[in-house]
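As structure tokens, the structure follows; a few thoughts come after it.
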Amino acid sequence: MTAASLEAAIEAAWEDRANVTPASDAVREVVEAALELLDSGKARVAEKIDGQWQVNQWLKKAVLLSFRLNDNAVIDHGAGGAPAFDKVPSKFSGWGENRFREAGFRVVPGAVARKGAHIGKGVVLMPSFVNIGAFVDEGTMVDTWATVGSCAQIGKNVHISGGAGIGGVLEPLQAGPVIIEDGAFIGARSEVAEGVIVGEGAVLSMGVYLGASTKIVDRQTGEVHIGRVPPYAVVVPGAMPGKPLPDGTPGPSLYCAVIVKTVDAQTRSKTGINELLRD
């Protein structure tokens, strides 16, 4: 089946999604084909074409349809060796040493990646969670307790620090996925959600929270960015002055993010990847 015919079949199933059940064998066939493309990295929910990110909505729809097709079942070999009860199997179900070596990435005990997520060569998954439809490109580190949400797009040589959250698209339903471009650094306990794009080489310090409406203020120029961090920007938490209250007293300040500088040699020395960890 060609990509065009697969897309058309998914779109048709989506229009009739209220009637999709575990007995919908024809729909299952095309949805599983789409999920295999996502799992292998041969297709992705968003891709950069001529410098612009384009979302393949039909692939996101395939992910959503899969939840109507599958019943919950016991999944062996869950986190910590405990069984789980879910609709999505582990990406690594049935894998042996040869399959892991062929894939070329590391999976530390406690890491969870669901079937339908793509993990590139040289990636390190510390005890973390990578959801269905996500794309994690080569050389990236997903550190301890970090989460890569459904359909999120993570570039090459990215560092997602401990406890950081990369939001998904499934609930609440989002039009586009979060995108972290090549070489970006996401600081510990930061959160990027609601389709925000973090540009190539950008650095978020610890505890930066970015959603679709978060103001990202350039301290030098006063320019305000919303929904996108410029490439190579260094971003820290900040606050905007609040509007006065009705009685004229100062109102509460509101959270924002602040671009304090552009990545320089000092920044790179603190946020660069360690090639020793990628072997």
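Note: Cβ is positioned from N, Cα and C throughout, glycine not excepted.
Keep in mind that what you see is a predicted model, and the values were worked out from it rather than measured.
Neighbours of D143 (substrate binding site), defined as other CB atoms within 10 A of its CB across all chains, total 19. Residues annotated as substrate binding site in Swiss-Prot: R106, D143.
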Per DSSP (helix/strand/coil reduction), R106 (substrate binding site) sits in strand
